[in-house]
Structure formats: structure tokens, C-alpha cells
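Have a look at the structure below before the remarks.
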């Protein structure tokens, strides 16, 4: 468990250092660069598409499930979105579509329609890309149903 969290943290740090924010990429004329990144980066861009919030700032360490890992009872609707997202990724892995690292490193193609709605391209690179895009799309649309709180909640374990 600790090793997985450490790998996730290292990946997130590398992504944060190497790339500009998803908000800056989507504020440009199109989201071409968002669609060329790995799934972790694409997820951040999708969240920005639906909520106009930076996923790495607003949702990392939010509640019990947003960020790497997760357990306990979700603290609110947004945290529940993250729990379902984790379960979706777990299913992609359990079904043999994605390996552990592939969950964060595989890219997929999508478009931010009308700057509010993520749409996964029908033709993906492979089944892992297809499943990750579906998981990320569901989570980003789920986040859009809620208003972000004034204060980011922690986990009450």
C-alpha cells in the first residue's frame, strides 16, 4: 500500500514539474495538448473542462478518496465521485485492460465539447485507453453536479 502511494506521489510530482496546468492548456484555442498527455493529465484536463477547477489543486487530498488511495466513508458527493472513479479504475485493472502503472501513464483521445462536456473519441489506442477515458469522463461529469466547498474537507476516519 505504502509503495503504491509513493509511486503515485512521484508520478504526480513529475507531472506537475514537467507540464503546464490543465487550465492553461484548455484555455488555449483547443485542448489538443490535453489529448496528447497521459491519463493522469487527461483527467485533470477533463475536470477543468466540466468544473473550471484545477484538479491537482482542488481534488488532491480532498476527503477520503480524492488523490491516491482511498478508504472509509466518502465525506460528500464530490468525494463519492472519487470513490466511484477509484472503483472504475480498479475494474479496468481487474478485467485485465490496464496494468497498475498504465492507469496513470496511458493516454487517450477526447474533446471538450462546448468547453463543458468531455467526449471520448470512439477509436482509442487500446482497451485500456477506452476504459480510462470512460472512468475519467464519468468522474468529471459527477464533479460538475456539485458546488466546490469553501474549505477542502479532510477524511474523518
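Cβ coordinates are placed from backbone N, Cα and C, and glycine is handled just like the others.
Just so you know, TrEMBL annotations never went through curation; they're auto-generated.
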From 86, 90, 136, grab the residue that TrEMBL records in the same Ca(2+) site as 65, 67, 69.
86
Around the Ca(2+) site (65, 67, 69, 86), what further same-chain residues have their C-beta within 8 angstroms of the site's C-beta centre?
64, 66, 68, 70, 71, 82, 83
Would you pick out, from the recorded positions 86, 136, the residue whose Cβ has the largest number of other Cβ atoms within 10 Å?
136
C-alpha of residue 133 (disulfide bond) to C-alpha of residue 82 (disulfide bond): distance in Å?
15
Of 81, 82, 120, 135, 136, which recorded positions come within 10 Å of residue 67 (Ca(2+) binding site), going by C-alpha to C-alpha distance?
82
Within the domain 'Phospholipase A2-like central' (39-156), what mean pLDDT does the predicted structure show?
93
Taking 10 A as the limit, how many CB atoms besides its own sit near the CB of residue 66 (disulfide bond)?
26
